[in-house]
Amino acid sequence: MTRASLPLKAAALGGLAFLHVPLIFILLYCFTTEERSYAFPPPGYTLKWFAVVWDRADIWAAIGLSLKVAVAATALALVLGTLAAGALARAKFFGREPISLLLVLPIALPGIVTGIALRQAFGLMEIPFSFWTIVIGHATFCIVVVYNNAVARLRRLSPSLIEASMDLGADAFQTFRLVVLPNIGTALLAGGMLAFALSFDEVIVTTFTAGQQSTLPIWMLSELIRPRQRPVTNVVAVMIILVTFLPILAAYYLTREGEAVAGSGK
Amino acid sequence: MSFGATSPGAMNPAGFDLPAPREGIGRRLSDALTRHGRLLTLLLLTPPLLWLGLIYLGSLFVFLAQSIFSIDPFSGMIVREPTTATLIELFRPANFDIVRRTVLVAAAVTALCAVLAFPIAYYAARYAGPKVKAGFYLAVMMPLWSSYLVKVYGWKLLLAKEGAIGWFAGRLGLGGALDAWLALPVVGGPSLSVSYTGMVLTFTYLWLPFMILPIQAALERVPPHLIEAAGDLGASPGLVFRTVILPLAMPGVVAGAIFTFSLTLGDYIVPQIIGTSALVLGQAVYTLQGTAGNIPLAAAFSLVPILVMALFLTIARRTGAFDAL
Amino acid sequence: MGAVRGAARRPQKAVPPMHATLDTVPATPAVRFQGVARHFGAIRAVDGVDLSIAPGEFFAMLGPSGSGKTTCLRLIAGFEQPDAGHIEIFGETVEGLPPYRRAVNTVFQDYALFPHLSVGDNVAYGLRVRGVARAERARLAREALALVKLAGMETRRPAQLSGGQRQRVALARALVVRPKVLLLDEPLGALDLKLREEMQSELKGLQRALGLTFVFVTHDQGEALSMADRVAVFNEGRIVQVGPPEEVYERPATRFVAGFVGSANVLEPAQAAALGGAARVSSLRPEKIVLLAPGAPAPEGTGVVEASVTDVSYQGPVRRVAVRDARGLALVVAVPAGAGTVALGQAVRLAVPAGALQPMEGEP
C-alpha cells in the first residue's frame, strides 16, 4: 500500500476536525461568566452553571420524560425491528422490496411530514397528547435502526447453523432461543442503543406529538429560540452528549466484537 | 435403542435411551411453521406491517390527501371538495420561491458535503490501517449520533457576530475578508449566523457523516488490484482516479446525497435558528399547519420533498447506490 | 396434524440387522426414494429418483455440482420437501416431517458448528434440546469427543480449532444423538490432501465399528470409489448408475459415467466390433490396453490397433498416452512406468483384450 499524499492527509484530518470543533466550543461555553451573548473569548470562567442546572426542576423533569420515552420506544422498536429482520433477512417473496422501503420511509421522509401526519391522525381520532403519543412517533422511526442491525447480522449468520440446530432435534422456537438469539444478541443490543440515542435526541417529530409535554430536546429548542441563561443550555447540551455518547460507543464495540465472532465461526 | 453388537463401548452405554423430546403446542406450531415457510414470514411481518402500514402510512395518507382540499379564504375552514387549486397555489411566485430556495440550499449542502467527505472517506478506505480506521469510524460516528440540537447550538456559538469565528478571523487578519464575504449579495448578510453561508455551513456540518460513511463503503469495495492493474497499464494517478476510483465511488456519493438532500429539504429548525428571514420549505410547512392553519397547503408543500426524493431515489436505484447504504 | 402426531416420538421398533449383504436389499431399507422430484422454479434439481439404501451401508452419491446429489441429501435430512414421490426412512414415511422429527443427522459441508458454544456444548446440543440432564449430556459429549479422538477439547471454542478438528466435532455432534442414518455433505471437501486421506480411512472405520448407515455426497470420484459400499452416480437430477465401486468403474452404464468416473475411452458400436467386442457403445479403461513391444506378436484373443502417438503426459506411476489410428479411432492408454519409451508421433501397436470392452447398458 502506498502512502497518502500530504494534501489528502491534511484534507482528511481537517474534515474530521471540522466535525468536532463545535462540540469543543459547547464545552468551553459551559464555564463562561457571560450569560447574555456568545462573546469569544469568554470574559471569565465559572462553575456556577452546573449548580444552577442541578437546582432546575424543569430540566430534571424533561430529562426524566426523555428517558422514559426512549426506553419505551426502544423496546417497541426492538420487537418490531427484529420481527421484520427475521422475515426479510433471507426470505424472497413478492413485496419484499416495498416492505423494506416502508421500513426506511420514516427516516427517509422529512421528520416534519411524519410529525404533522401523526398529529393530524391523533386529532382525527381524538387521541389526546400523552406519553404514548410521543412513544408512537419515536418507535416508528426507531424500527429501522434495529432492523438494519439485526438484518445485517442475520445475513452473516450461516443458514446451515439453523439447519444444524433443527437437524439435531431442536424445533423452531428452540432454534431461535438457543442459536439465533445468541448469535444476533449483540446486534440487537447495538440496534437498541442506537434507537435509544435517536429517541433521546429527537425534536422534530416530538414537536408535533408532545402537546404541552417537554422532553429534553424540546426544552433545549425553546432555550435556543428564546435564550434565558445561555450557559445553562451549554451544560444541558454537554449532558445530552454524554447520555448519547455512552450507548453509541457501546453499540460500536458490540457490533465490532460480533463481527469478529461471526467471522471466525466459519 | 443401541448401535448393535459392534458398537464400541464408549458410544454405547448399555440400555441408555435418549428421551423423546417434549411435545406441546410450541412444537406443533413449529411443525406448521417449518412446513409452511410463508406462514412464518407472514407471522413475523404482521406486527411491523400493522404498525408501519396502519399508524404510519395511514397518518401520512390522511395528511397528504388533504392537498386536494382547499381552504375557505373567509372562514379559514377546510373545504372538503377535491380541487387542484391548492396544488396550483404552490406555483405562485412567493411559494415557488420557497421551493426553489430550499432546493438550492439542499444542492449546495450536498455538494459541499461531497467535497469535504471524499478525502476523509478516501483516506480511511485506502490508506488507514485497522487501528486508524477504527479511530476514523468513531470520529465520524460520534458527531453523527450526537444530539442534533446540540450541534446546531454549537454553530450558533461559532457563527454569532461576537462569536469565535469572527474573533479568529480578526486575529488572523482575515476580518476584512469575512466582511467582504458578508457584503456579497445572496450569500452574505449582517452576520454569519443570519446568512445563507451560516445556514449551509451548519447543514453541511450536520449531515457530513451521512456522506462520509457510504462513500467509504463504496471505496472499500473497489478491489485494490483493480487500481494496481490500471497503474500497470500505464495510467497516471490522476487518470486512475478519474477513470477508476471516481466512477466506482459514485454510488456512495449518490447514497450519501440521498441523506444530505432529503434531510436539508425537510428541516425547519436550523433555518429558525441560523439563517435569513426568508422562509424555507420546512418553515413554510410548519407555519402553514400551525399559525396559518392551512393544512391543505401544508400538505401540498410536504409533497414537494417527497416527490423530489422519489425522483432522486429512482435515479439512485439506477446507479446502484443502494448497495452502498 | 395426524401424521405429525403419529411421528412425534422416535420410532421405537427394533433396529434392523446392520450388515446386510449388498445384493440382497432387506425388506426395510434404511432410506427409500420412489419417483422423488424436487424443482426450484424451472430447475429440476431432482427429477424422478428411485433409490434404496440398505441398513449399515456406506452409500455414496457422486456427481458434478448441480447434479442433484446434495438436494437428495437435503431431502433425506428434511431441509427440503419433495414436490413429487415418496421417501421412507426405515419404513417410516417422512414427507412433511421437519428435520427435528427425523432419526437422521447431518455433518455439514461447512461443519455448521455453533460459534457461540464451546466444543462440549456443541456436541451436547442435540441432547440439550431433548432435555437430557446436564451431567449426563456432559458425559455423553465427552465420550463422543473421545470417539473422534478429541478427548479433552470440551472447553475450546470452534474458532480455536483446525479444519480437521472442526470436522471431528461436527461428526461427534451428529453421532451423539444416535442417528439411524448419518448424512455427510462433502465431508472432506474443505480438508487438505493428507488430512483427507486420513479422514477417509477413519470415517470408514467408524462406520464399520458403529454399523451405522452412512450416506455421503461427493464430487470426487476417487473418494466415492475408495470409501463406499455402493455408489450412485448423479447427472442432471437423475441417478444414471448405482452399484458397487468396481462395477461402476469397470462397467460404466453410460457415456457420462464412463467420462465422470475415471475417464474411460468410449468406442462407437462399429469401433467396438472391429476390436472383437459386441456392436454396442462400449467403454474401454485406459489401463486395460497393452502397449506391444515393436515386433512382438499380439496375444490370443486381442484386437490390435496400429496408431501414432498424439500426446504424452507424465503422471508418476503411469504415463497417459493419447493415440489415434488411421481410421480416426482416438484412445487414451495408461502405460505403466518402465514399459518402454513413447515419443510424440511414434507409431505404436496396441493390444485390446476382448474382455476389456464393456458394452454400456444405458446406451443404445
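Cβ coordinates come from backbone N, Cα and C, glycine included.
Please treat TrEMBL annotations as automatic predictions, because they have not gone through curation.
Listed in TrEMBL for this protein:
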type     : residues  : note
TRANSMEM : A:12-31   : transmembrane segment
TRANSMEM : A:59-87   : transmembrane segment
DOMAIN   : A:63-251  : domain 'ABC transmembrane type-1'
TRANSMEM : A:99-118  : transmembrane segment
TRANSMEM : A:130-154 : transmembrane segment
TRANSMEM : A:175-197 : transmembrane segment
TRANSMEM : A:203-222 : transmembrane segment
TRANSMEM : A:234-254 : transmembrane segment
Next item on the list: Would you confirm whether the transmembrane segment (A:130-154) and the transmembrane segment (A:234-254) meet the contact rule of 3 or more C-beta pairs below 8 angstroms, pairs 6 or more apart in sequence?
Entry: no
Notebook entry, point to check: Which listed range (A:12-31, A:59-87, A:175-197, A:203-222, A:234-254) shows the maximal number of Cβ pairs under 8 Å with respect to the transmembrane segment (A:99-118)?
Noted result: A:203-222
Next item on the list: For the transmembrane segment (A:203-222), name the stretch out of A:12-31, A:175-197, A:234-254 with the most CB-CB pairs under 8 Å.
Entry: A:234-254
Note to self: Are there residues at least six beyond either end of the transmembrane segment (A:59-87) with Cβ under 8 Å to its Cβ atoms? List them, or say none.
What the structure shows: 53, 99, 103, 131-132, 134-135, 138-139, 142-147, 149-151, 154, 184, 188, 191-192, 195-196, 199-200, 213-219, 232, 236, 239
